[in-house]
Each structure stands twice: as C-alpha cells, then as structure tokens.
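Here is the structure we will look at, set down as structure tokens.
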C-alpha cells in the first residue's frame with residue numbers, strides 16, 4: 001500500500017510539473033529537498049510526460065512543429081547536463097572551498113585574486129601570440145646563436161634572437177602569396193598592444209565597480225546572518241566530506257559576521273593616545289625612509305650596471321649574467337623590507353587585524369611602486385638614450401630577469417621562509433606558535449609581478465605567458481605552504497571589502513602608471529635604428545600617422561580618417577572620457 005501510495009504521489013507530482021510553464025517547472029524542481037540524482041530523475045520523467053502529451057496532439061501539429069519541439073526538448077536536456085558538469089571544470093573550485101573553510105575569507109581573498117590575475121595573463125598571452133608572434137614565424141630568420149642554458153636566467157644570448165623580444169620582430173609587410181593579402185607587422189604590433197590595454201582597462205573598471213557596488217553601496221542585498229544560518233544549506237550534498245566542508249565553511253563565515261557585529265571600541269586615555277600617535281608617526285617615518293633609501297640604491301646600481309654592460313662585451317654571456325645583480329637586489333629588497341613593515345604593524349597594535357593589513361598594504365604599495373617608478377625612469381631616460389643597438393630588447397631583458405628572480409624569491413619565501421618559521425615556532429620557541437598567512441605582503445607581491453608584466457608587454461610580447469606559468473605554480477606552492485606551515489587567523493574577521501581594495505590597487509597606481517609608461521614610450525621616445533618593427537621612425541606612433549595618410553586616398557576608408565582626427569587626436573574626447581571614468 002505504501003509503495004502504491006508513493007508511486008501515485010510521484011505520478012501526481014510529475015503531472016503537476018508537466019502542466020507548468022518552463023520557468024515555473026525549473027524553479028519548483030530546484031526548491032525540492034531532494035538529492036541531485038532524484039531531481040534529475042523527476043525532471044526526465046516530466047520531460048517524458050510532456051513528450052507523450054505532445055504525441056497525442058500530433059494530428060493537429062505540422063511536421064515542422066514536431067521537429068522544432070523535439071529539438072527544443074533535446075537542447076534543453078543537453079543544456080541541463082552541461083550545466084551540471086560545468087562546475088567540475090572550474091579551476092581550483094574545490095581547493096578554494098577548502099581554503100575558505102579552514103582559514104576564512106581573508107586568506108581566501110588572496111587566492112581568488114591570484115586566480116583572477118591568472119585569467120588576465122591567459123587572455124594577454126593568447127592575444128599577443130595570435131596577432132604578433134604567429135605572423136612573425138613566417139618572416140623569421142634562422143637563429144645562429146648557441147643555447148647554453150644560462151639564457152634561462154639572464155634572458156640574453158640565444159633568446160635575444162627569438163620572438164621573446166621586441167628587437168627580433170620585422171618591420172616588413174608579410175605576404176606569402178604574390179599580389180595576395182599582406183600583414184602589416186607595425187600596425188599589428190601597436191594595435192594589438194593598444195587593444196589589449198583597452199580591454200584590460202574595461203575589465204578592471206567593470207570588476208572594480210561591481211565589487212564596490214556589492215560590498216559598499218548595496219551590501220544588504222546579500223544574505224545576512226539569519227539567512228546564512230537558516231536558509232543556505234544545500235540539500236543536494238550527500239557526500240560526507242562535502243557535508244563537513246560545508247559545515248566548516250558556514251561556521252567560519254558566521255564567526256566572521258559575529259566578530260564584525262560584536263567588535264568592541266576601546267577607550268584610551270589622553271596619554272595612551274599621544275603614545276599611540278607618536279608610535280604611528282615614527283613607524284611611518286621609518287617606512288618612508290626605508291623606501292627612499294631602497295629606491296636610491298636601486299637607481300645607482302642600475303646606472304652602474306648599464307655602464308659596465310655597454311662598455312664591456314655586449315654578447316658575452318658572463319657580462320650579461322652580471323646583470324642578474326640588479327634583479328636579485330630588487331627582489332631582496334621587496335622580500336625582506338615587508339617583514340620590517342609587518343614588525344612595525346605589530347608594534348603599533350591596531351585594534352583590528354583589518355586595520356593592520358590595510359596599513360601594511362599601503363606601506364608595501366609605496367615601496368614597490370616607488371621601486372618600479374625608479375626603474376621606469378631608468379629605462380626611459382637612461383637606457384633609451386644609451387649606446388645600445390636595441391634599447392627595447394635591453395629593457396625587455398631587464399623585465400624578464402626581474403619577473404624570473406621575483407618568482408624564484410616567491411618560491412623560496414614559501415618553501416623555506418614559512419617552513420623555517422613553523423620549525424622555530426613549534427620546536428625552539430613554542431610561544432611564537434605557527435605563523436599566520438601574511439595577506440598584505442603576498443597581495444602586493446602579485447600586484448608588483450603583474451605591473452612588471454604589463455610594462456614588459458611592449459618590449460617582450462610573450463611575457464604574459466611566462467607570468468601565466470609563474471602564477472600557476474605560485475598558487476600550488478602557496479596552497480601547500482598554507483596548509484602545512486600556517487595557522488588560521490587568531491582573530492576571525494570578515495573581509496568583504498578586501499577584494500575591492502585589491503582591485504583598486506591593481507587599477508591605481510599600478511595599471512594607470514603602466515599606461516603612462518607605455519604612452520611615453522609610444523609617443524615620445526625614438527625607436528632603435530637597427531631593430532624592431534618601428535626602426536627608422538621618429539616614434540612608434542608615427543606608424544599609425546603614416547597609415548592614416550595612406551587611407552586618406554581611399555574613399556571607403558574616410559570614416560577611419562574621421563575617427564582618427566576627431567577622436568583619437570582630440571584632447572576634448574580624452575578629457576570627456578577621463579571625466580566619465582573617474
């Protein structure tokens with residue numbers, strides 16, 4: 001009797017669902033407290049019932065209508081099956097869930113940001129490789145230099161005559177068929193780089209605006225504490241490990257929310273406030289002084305290295321290996337000065353860990369952006385006017401070495417720095433305990449690496465591919481180091497606004513600063529006379545001006561000429577665009 005009753009209830013449910021509209025039926029099935037397998041079974045029965053009913057009306061329907069309905073049902077079934085397996089294909093989906101459950105959203109925000117930057121570099125690599133590198137293969141000359149292995153670290157030698165650097169690209173128009181279509185490498189190079197930065201600009205702006213709206217303007221639109229506690233459980237989860245992971249994740253999120261609500265405001269006496277203000281001022285003076293000293297040392301070292309390189313044997317790998325001194329010193333400063341900043345943050349004793357992280361991020365931003373700014377000044381004002389035959393390739397090699405050595409220091413910091421800190425905290429000085437994951441320092445390392453990549457795209461088009469591999473390896477190394485060496489934050493706290501802050505720092509001063517460097521290089525600096533696609537021109541932008549002069553002779557291209565004269569060269573257009581963006 002119970003079996004018959006259950007069968008009758010299910011048949012009635014299927015009949016009711018079949019009589020609903022498509023959207024109502026989907027919503028009803030989703031709300032059922034059943035497993036995914038049971039829901040899929042009910043959905044298939046409903047679709048079968050609908051198909052059966054449609055056959056009864058086959059005499060009233062035309063053949064075309066029946067085929068159309070069958071195609072719609074099949075397409076819907078295929079779409080549902082595809083959406084079920086789509087989550088399985090997402091990169092690091094399960095890993096991110098585990099990190100969020102174990103260490104909270106503050107640490108999770110770093111790994112989400114790293115994954116987001118990885119997609120940026122995949123896009124950049126595909127664009128540059130498709131429109132700049134592949135056409136160059138058809139016009140490439142054989143490389144007569146020998147490969148010794150040292151080039152992997154110096155970026156010089158054999159790599160100097162490859163598609164890795166600007167100087168190898170031709171300035172000729174590629175045409176494999178006589179009187180056939182041709183490919184202008186000059187225009188392809190400058191338009192690919194330009195469109196790439198425009199797309200990155202729009203993606204950054206949209207992502208930053210979306211995150212800002214979600215976390216600052218309209219945060220009440222997202223589930224609060226009560227809804228998290230009562231309404232967010234997924235009844236489709238049946239696996240024991242998945243259930244425990246979901247429980248831990250919800251527990252961590254609710255702890256973060258309660259910590260934010262119950263945060264106590266400490267009242268200090270006048271003497272205590274004065275002491276705290278003095279400590280803050282001394283800490284800021286020390287941090288700024290350290291940044292200034294680091295920038296001065298980097299500039300003096302870079303100028304001295306350039307003199308040795310230009311006056312010495314330019315093609316000698318040993319002399320080029322000496323150029324590793326600059327990236328090693330820069331990476332050393334970027335790796336160890338932030339530890340000094342973290343010590344200052346602990347000395348200041350902020351009320352919340354969020355304040356300490358934001359102050360540490362601000363100090364690290366000043367340090368890293370100042371170093372990058374000094375390097376850009378050195379490249380654009382010293383290297384560009386030097387006696388080097390191809391200064392663009394020289395800049396590309398410098399950036400390649402900086403990216404590579406920074407990657408090596410990042411691995412060493414995770415494999416040995418955090419590992420040794422764990423050994424000390426668990427063996428020699430138990431009171432220290434396990435280290436916490438330094439979010440501020442690690443995030444600024446990512447922004448610094450991405451800034452170098454954006455600057456280097458013009459001088460080394462395949463640099464995003466190298467950074468793509470670097471970020472992929474860093475994710476797994478950081479994940480293993482986090483699980484083995486670090487402990488969850490001692491003070492649980494919510495960090496909904498942190499991702500917005502990361503994106504803002506990536507946009508300004510990082511991305512806008514890169515645009516300034518690229519703009520000066522394209523519009524103001526004279527390209528090398530003996531290498532690169534823009535050899536012999538007064539500036540890289542002169543290639544576009546000459547192309548516009550050619551288009552003025554063709555009636556069909558008048559609209560391109562109009563856009564160039566009325567928009568691209570118009571100060572008013574860029575002023576209005578800047579006002580709209582800002």
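Just so it is clear, glycine is given a Cβ too, placed from its N, Cα and C backbone atoms.
Within the listed segments 345-364, 365-384, TrEMBL records transmembrane segment for the stretch 365-384. Your range for transmembrane segment, going by TrEMBL and the list 255-272, 399-416, is 399-416. Given the ranges 218-243, 452-477, the record in TrEMBL names 452-477 as transmembrane segment. Listed ranges 116-138, 139-161, 162-184, 530-552; the one TrEMBL annotates as transmembrane segment is 116-138.
When TrEMBL is compared with the stretches 77-101, 277-301, the one noted as transmembrane segment is 277-301. Contact between the transmembrane segment (116-138) and the transmembrane segment (277-301) does not hold: fewer than three of their C-beta pairs are under 8 Å, each pair 6 or more apart in sequence.
Long-range neighbours of the transmembrane segment (498-523) within the same chain, counting only residues 6 or more positions beyond its ends whose Cβ lies under 8 Å from a Cβ of the stretch, are 105-106, 109, 112-113, 190, 193, 197, 200-201, 204-205, 207-208, 211-212, 215-216, 354, 357-358, 361, 365, 369, 372-373, 376, 380, 439, 443-444, 447, 450-451, 454-455, 458, 539-541. Using a Cβ-Cβ cut-off under 8 Å and counting only residues 6 or more beyond its ends in the same chain, the transmembrane segment (365-384) has close neighbours at 287-288, 290-292, 294-295, 298-299, 302-303, 306, 330, 333-334, 337-338, 341, 391, 394-395, 398, 402, 444, 447-448, 451-452, 455, 505, 509-510, 513, 517, 520-521, 525-526. For the domain 'TMC' (390-496), the DSSP-based tally of helix, strand and coil residues reads 79 helix, 2 strand, 26 coil. Under 8 Å from some Cβ of the transmembrane segment (399-416) lie the Cβ atoms of residues 153-155, 159, 164, 323-324, 326-328, 330-332, 334-335, 375, 445, 448-449, 452-453, 455-456, 459-460, 463, 466-467, 470, 473-474, 477-478, 481, all in the same chain and six or more residues away from its ends. Beyond the ends of the transmembrane segment (452-477), by six or more residues, the same chain brings 92, 111, 114-115, 117-118, 121-122, 124-125, 128-129, 132-133, 163-166, 189, 193, 196-197, 200, 372, 376, 392-393, 395-396, 399-400, 402-404, 406-407, 410-411, 414-415, 446, 510-511, 514, 517-518, 521-522 to within a C-beta distance below 8 angstroms of the stretch.
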